[in-house]
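S.K.: Got a structure for you, questions after.
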Amino acid sequence: MDLVNGLVALSLTHKELGVDELSKVANGVHRVCVSLRQPLFVLHTCNRVEAYLYNPPDEVVEIVKSGYAPYVEKVVERRGVDAARHLFRVAAGLESMLIGETDVLGQLEEAFDRQVRAGYTRELLKTVVERAIRVGKRVRTETGISRGPRGLGSLSILYVKEKIDLTNARVCVIGAGSVGRGLVKELIDAGARRLVVVNRSVEKAADLGVEVWPLSERSVERCLEDFDVVFTAVATFEPIIKSVPRDARVRIIVDMGMPRNTAAGLPVEVVTIDSLRDLADRFNAMRDAEIKKAEEIVEEELVALERLLRIRWVEEVSAKLLEYWFKIAEEEGERAGGLEAKIAARTTVKRTLLPVVNYLKKVAVSDIDEAYRIISVLRLSYGLKDL
């Protein structure tokens with residue numbers, strides 16, 4: 001058996017739906033996933049809403065799919081190495097509208113950290129996502145795929161510069177997550193000097209070196225009233241810009257939020273990811289030579305992934321065995337003389353069983369079925385049902 005075969009990916013991306021439709025899907029996917037006990041990882045950006053699971057029962061897959069309503073029939077399901085390949089390609093920027101963009105890697109890391117802390121992304125699925133992040137970093141280090149505009153934020157700034165002189169414009173960025181922070185830095189590089197950031201936490205945006213306002217309905221209204229360009233990059237399921245005040249100064253709103261940060265029908269130009277497709281295509285054509293190099297790295301890492309999963313699997317199983325043996329050792333140590341004897345007993349268990357664990361890792365790398373057989377014998381011998 002190959003452990004990567006347990007991976008399942010459910011995806012809707014910019015290739016299947018427009019940004020507005022993707023925006024509607026994200027809330028439903030999160031809603032059905034939060035109640036699941038299955039290890040899972042959800043990634044939603046401007047360009048994608050994806051759920052990754054490991055060894056899920058068929059009914060769990062169907063539950064997650066239901067969250068994609070009303071676009072369930074468009075969901076792309078991948079399994080095993082195809083699912084891992086897709087995640088690696090996403091991390092590498094190969095599946096982005098702007099090939100090689102860096103925003104997606106930051107969003108992937110943020111989502112991973114958040115979901116690991118919450119206990120959703122765990123066990124072997126955690127290993128897969130960790131490896132994807134490594135692949136994304138390696139591709140950008142070893143290839144030139146990210147030269148030029150580094151993300152959709154960069155593209156949006158280029159788009160705005162064709163219409164407005166940023167050196168004289170008043171610019172507001174709402175949101176200081178990975179996308180918002182990137183926008184601020186690139187706007188400064190592009191010549192924007194009259195720049196304000198609006199964020200839920202003023203402290204978290206203080207290091208950006210610009211004026212920061214706390215996020216509120218009034219601060220958003222002030223941005224629209226007093227600024228020429230407003231960028232939004234806030235993680236929220238409700239629009240933060242629902243209307244534009246009469247006689248507002250704003251000329252362009254750039255909505256980088258996922259889901260959408262702006263309501264439909266605003267009386268000013270709203271730039272979304274869909275607005276940037278033609279510009280992205282131009283730069284993608286310039287990156288063709290680097291795509292093959294990036295794809296070769298992805299394939300190398302897929303081979304390494306199975307080996308890593310086998311080692312991690314042995315470590316997880318061994319941890320449960322060690323816990324069982326430690327418990328016995330501590331009980332015997334307690335009988336023999338208290339704390340010092342307990343510590344000595346634990347140390348003896350570690351020293352005695354470490355060679356067994358290392359041997360199991362070697363066996364698993366070369367023959368996972370044999371490793372599983374050995375562990376099954378241990379499980380039956382000690383009456384451990386949850387190995």
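Positions of Cβ are set from backbone N, Cα and C atoms, glycine also.
Small disclaimer: the values here were computed from a predicted structure and weren't measured.
Pulled these from Swiss-Prot:
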- C46: active site, nucleophile (ACT_SITE)
- T45, C46, N47, R48, S96, E101, T102, D103, Q107: substrate binding site (BINDING)
- G175, A176, G177, S178, V179, G180: NADP(+) binding site (BINDING)
- H86: site 'Important for activity' (SITE)
S.K.: What's the longest C-alpha separation between any two of T45, C46, N47, R48, S96, E101, T102, D103, Q107, the listed substrate-binding residues, in angstrom?
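M.R.: The span, Cα to Cα at its widest, is 15 Å.
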S.K.: Which has the fewest other CB atoms in a 10 Å radius around its CB: G175, G177, G180, the listed binding-site residues?
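M.R.: Result for the binding-site residues G175, G177, G180: minimum number of other Cβ atoms within 10 Å at G177.
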S.K.: Going by Cα-Cα distance, which of the recorded positions (T45, C46, N47, H86, Q107) sits nearest to V179 (NADP(+) binding site)?
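M.R.: Nearest listed residue in space: Q107.
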S.K.: Please classify the secondary structure at T45 (substrate binding site) using three-state DSSP.
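M.R.: Where T45 (substrate binding site) sits, the three-state DSSP reduction gives strand.
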S.K.: Based on DSSP, name the secondary structure state of G180 (NADP(+) binding site): helix, strand or coil.
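M.R.: Where G180 (NADP(+) binding site) sits, the three-state DSSP reduction gives helix.
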S.K.: Quiz question: given the binding-site residues Q107, S178, which has the greatest number of C-beta atoms lying within 10 angstroms of its own C-beta?
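M.R.: Result for the most crowded candidate: Q107.
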S.K.: Give me the count of other Cβ atoms within 10 A of the Cβ belonging to the residue listed as 'active site, nucleophile'.
M.R.: 26
S.K.: Under a three-state reduction of DSSP output, how is Q107 (substrate binding site) classified: helix, strand, or coil?
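M.R.: Where Q107 (substrate binding site) sits, the three-state DSSP reduction gives helix.
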S.K.: I'm trying to understand the geometry here, so how far is the Cα atom of G180 (NADP(+) binding site) from the Cα atom of S96 (substrate binding site), in Å to the nearest whole number?
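M.R.: So the alpha carbons of G180 (NADP(+) binding site) and S96 (substrate binding site) sit roughly 18 Å from each other.
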S.K.: Take the Cβ of H86 (site 'Important for activity') and count every other Cβ within 10 Å, whichever protein chain it belongs to.
M.R.: 22
S.K.: Which of these recorded positions is closest to Q107 (substrate binding site) if you go by CA atoms: C46, H86, G175?
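M.R.: With Cα distances computed to Q107 (substrate binding site), the winner among C46, H86, G175 is C46.
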S.K.: Which number gives the other C-beta atoms within 10 angstroms of the C-beta of T45 (substrate binding site), all protein chains shown included?
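M.R.: T45 (substrate binding site): 24 neighbouring Cβ atoms within 10 Å.
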S.K.: Could you give the Cα-Cα distance between T45 (substrate binding site) and A176 (NADP(+) binding site), in whole Å?
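M.R.: Roughly 15 Å, rounded to the nearest whole number.
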S.K.: What whole-number Å value do you get for the CA-CA distance of A176 (NADP(+) binding site) and T102 (substrate binding site)?
M.R.: 16
